[in-house]
Every structure is written in structure tokens, then in C-alpha cells.
Amino acid sequence: MSLDLQHYPTLALAQTPDKLRQLPQDKLRELADELREYLLNSVSQTSGHFASGLGTVELTVALHYVYNTPFDRLLWDVGHQAYPHKILTGRAERMSTIRQKNGLHPFPWPPESEYDTFAVGHSSTSISAALGMAVAAEKEGKDRKVVSVIGDGAMTAGMAFEALNHAGDIKKDMVVVLNDNEMSISENVGALNSHLARLLTGNFFNSIRDGGKKLLSNVPPIKEFASRAEEHLKGMVVPGTIFEELGFNYIGPIDGHDVNAVVDTLRNMRNFDGPQLLHVVTKKGKGYAVAEEDPIKFHAVPKFNPADNALPKSKPSAPTYSAIFGQWLCDMAAQDPKLMAVTPAMREGSGMVEFSQRFPEQYFDVAIAEQHAVTFGAGLAKDGMNAVVAIYSSFLQRAYDQLIHDVAIQDLPVLFAIDRAGIVGADGPTHQGAFDIAFLRCIPNMVVMAPSDENECRQMLYTGHKLQKPAAVRYPRGAGMGVTPDEAMTALEIGKSRTCRETAKDKSESVAILNFGCLLPYALEAAVAIDATVIDMRFIKPLDGDAVLKAANEHSALITLEDGCIMGGAGSAVLEHLQQNGVLKAVKMLGLPDSFILQGTQQEMYKEHGLDAEGIIAAAKSLIG
């Protein structure tokens, strides 16, 4: 249910940026307060990303107030913080649909709005894209401003610094707004720094600086002295030397919750040439006390009552696959002091909190640095450690060369615990784990496993750990099947499947379902309805070729079932094996199509793409009638 904007009178006057820019500046504080209240009341009704948006309310208002969006380009890194942007760009009354099937996209999404200038979802891409847009604007002679907003966490990634280095080198007009919401760069925020920021963007300082540079351009020793003097003045009170060294004019830090200070500073910066960096300090969860106190807990929230000042207790359910991994990691580390676990800034999401506390000397959070995480794991493995890299499927895409070049070619014993494989649901196309089967199975030396329940997951993790070669265990987001894992850990026979159900009728008139991964319950449900054989393949690579040939020879048709893309996936592996052995058999491959999967619940997406029991039954009937 959408909120009534009549209860937010100032926000009702600023539902699009052009209307926002008609407001007098003294109304912006009031607008920011209403926008924050609207965000709180909206997300609490729908669920979604929360704390980041609360922290960027004033910054969002100021950016749309100063810049002529959408002509001026505004890019949000990752996009968790972009809910206020969506509200101010004509989508307030659709916020009740965010992250739902056929609803608003969870992140900035160009097909949804002209104000969403670049599709995002992963970290640290905005500066590169903004620089490309700045060059394009110059080539086309458009007097367009380009602004990238990036958080201090995303700024730790190598890609961000690659872009900063390039931007500082070619000196194109662009603004990078560093949203520092963890105080990780500087705690030196207050009246002095806000005053200094305004001073450094003011006409007086910049006319002196630019004029002085021109005046002294032919006197190198004096020019160098002047530059050092300016650097020394700024360096005494500004933590921006690194950005200056990269070729940016650094401004800040300023209070990101003082909307008028942000407006004044941005307005001054509009007239600057070359790359500029504005450092704003914000509070994640600003305006909602419990979110300020625990921004990680309130980063993404379920539906809740704001008056309770707490999130609802989750209903008892089966442990998540992330929790199964976390428990295995603790159990294994207790036995193996050489186990070293690596995560690229996903400790909570990957289920590693307890492990990090119990085994701090065996735990490494390398920040948002997927490429480094994989090669760091390779280095650990090369010199005798048993490396475990815990990473989301969609984030492993960012380290594909390292996976091949640094791990697989050297056949190093690195275990990849791949969370969020397959359909993840509400986060949409940037986060679906659709491609890992296809991009892993083509790599020599890799062993790829797909568990169908919690116990299978635990045993596969143990198998990969003991294998002493590159291995991957891919498992889905969310709760498991309710299977209690065996406490004992047993290595599985590599490349061997298990038969879960045999048809009771003549096999030559029936279908065999070859299941890869978490869709096994759907396969079994369908098999009961149509009396089919079900084989849980377990291994995507090496494939249980004997089981495939036996099923093909005994049954009238095969169905392959996976939660990844069909092209190059596990079904493709089955077809390749049949072809190599000269077997001609009717095969229906069920998986994800050649398109990006939008947001919606996992169950909605399974149903839409024919991966639930109903879809499997329909596929079987299309084969055997």
C-alpha cells in the first residue's frame, strides 16, 4: 500500500527534480526531514535496503537541487543508497512495489527512469562509468556535468582507484562525491572542516590558486614552492592527500547532513574544471536511532513496525545454507589449523561471524576486493595452507581471470564456497547467481559440486577441503530443506551421483530427471505425479557419465534440472556426454533462459521459468505424452 503524500506537504511539492529545484533553499531542511520520514514509513511496509538510504537523504536533495538532472548525469555506486533518489524522481507512489515482481527495481535501472543514468548493483563501478560519460559529453560538445556518488567501502576496491588514476590523468570535468558513512577515512569533521570546504570552493581561494599558477607557470622553482605551500595548508586539516596525488581537487570533509552546506559547496564546485572530489561524512541509518546504532543489522530489513524500534524476530525455520557453511567452517577449523578462510567484505552474509570470533588468526576479510581475495587464497594454498574463499556467485564473476590464471592453471587446493548461487530473488539481475555453473565447468582442473540439501552441502564442503585441488561448492540463498546435517564428515566419491527414486513402471516408457542442486524437492514432487526416476547428480564436474548413459539407455527421455543458465550449464554437459558416446536421446533441459532474471521471490522465478514441480511435469508430458 502506497503512502499518502498529503501527509508530506513539502515532499508533495518536490516529486520530480525540476519541481524540487523550484523550492527556495530554506525549504530544503524541511524537505529532507519529510523524505527521511517517508523512506522510513515506506521501507518498513515493504522491506528492502534501509540504513544506507537514511544516510543519503540530504545529499540526494542537494544533488538534484544543484544539478540539472537528468541532463546532468548522476550515478550511484552499488545503489543501496538510492531509495531517496527514486522517491524524488517520480517514483514515490510506487515505492510499495520495490524489489517485487513487476515492481520497482531494487537498484538504479535505466529502463525504469531517465534519472537512472547507469545500471548498478555491484560495487565500485560508478567512477569508471562517470568518466566515460564525461568524455562522451566533451566529444559531443554538451555542457553536461557528471557526478558519481561512491561510499567509503566501495572506494576500497581496486576498480575505483583505477578509475581515479585515469580520471586524474586525462583531467576531464567530473565530480566524485565520497560518501563516508563509516568514519573510515577521517573523524576530523566539524565546523573548521565545513568552513574550510566552503573556503576551498570559494572564488577567492580558487582565483588566487589559479591566478598564482598562471603567474608562476614560467618560474618552475617558485611554482613548485607555491604548490607545496597550498598542499601543506590543505594537508594540515584535510585527509585528502591521496586524491590530490591522483590528480583530483579534494574538497572536504563536510557534514553530509547539513543540506545547505552541501548545496553551497556543490554550487561552488559546478564552476570548476577538471576532476573534483567532494568528501561528505554521513551517518548510516541517520534519523532512526536503532539503525544508527546497528547499521549492519538495518542495512536490509524485512517488514517491521517503526514504533517498535526493533526488527521482528524471524520465525523458526530451517538453517540457511550460509549458516550450514559457517558451522562447517568452525568445525573444520577446530580440526585443521591450516584452514584459512577469506571473504571479500561479506562476513555476515556468508555466515562467518562466529568463525571470525572463534578463529581470528584464520580469518581474513580483504574488503571489497574479489580479485585480490582469489589470488590471496592462491598464495595461501601455494605455500601449504588450506584456503577457503567464501564468495557470492555474482561477485565471483569479478575474479574470473584470477580463478583461471592463479588457481586452476597451478591446480592449487583452493575451495570456493559459492553462496547465492542460482536465483536470489528480490535483488534482481545484478545479483542472480545464474552463470557460475557455465563459467566454472569449462575450466580445467576444477571440481564443481551442487548440494541438494544441508547434509549434502556439509559433506561436499568437506570433500572439497580434503581434495587438494581447485573445488567449488555452489549453494543457494536462504533456508535449506530441513535436513539435519550429519555431525560426522565424510568425503564423497568424486563424480558419483545418487539415485533418489526409481520409477515403478517400465523404464522404457518413463522419464529420468537428472537433478543438479537445490531443486531436488521439486523433482521428487514431480516424479511422484508422473512416476519418474530421479537422480541427484551431485557433481557438475566431473559428471557421472556412467549414470547419464545408464539413464539414457533405460528411459525413453531425460530431463535435466538446474537453477543456472541453460547455455553452457549442467544440461549442456549431459548433452555433450551423450554426443561423445554416440547416444541419441530426447532430452529436455530445464534451467534459466538466455535473458537476465528480474526481481521477484525465488518461488515466483522458479514458477515463471518452469523449474517447479508443475513445470517439470509439463516438460515430461511434452516428451512422453
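The backbone N, Cα and C atoms fix where each Cβ goes, and this holds for glycine too.
Features of the protein shown, as given by Swiss-Prot:
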type: BINDING; residues: H80, G121, H122, S123, G153, A154, N181, Y288, E370; note: thiamine diphosphate binding site
type: BINDING; residues: D152, N181; note: Mg(2+) binding site
Neighbourhood of H122 (thiamine diphosphate binding site), C-beta criterion under 8 angstroms, separation at least six:
V78, S394, F395, R398, T430
Cα distance, D152 (Mg(2+) binding site) to E370 (thiamine diphosphate binding site), nearest Å?
17
Give me the count of other Cβ atoms within 10 A of the Cβ belonging to N181 (thiamine diphosphate binding site).
23
Would you mind ranking the binding-site residues D152, E370 by how many other Cβ atoms sit within 10 Å of each Cβ and giving me the lowest?
D152
In angstrom units, rounded to an integer, how far apart are the Cα atoms of H80 (thiamine diphosphate binding site) and D152 (Mg(2+) binding site)?
13
Using a 10 Å radius around its CB, how many other CB atoms surround G153 (thiamine diphosphate binding site)?
19
Provide, as an integer number of angstrom, the distance between the C-alpha atoms of N181 (thiamine diphosphate binding site) and D152 (Mg(2+) binding site).
7
CB neighbours of H80 (thiamine diphosphate binding site) within 10 A?
25
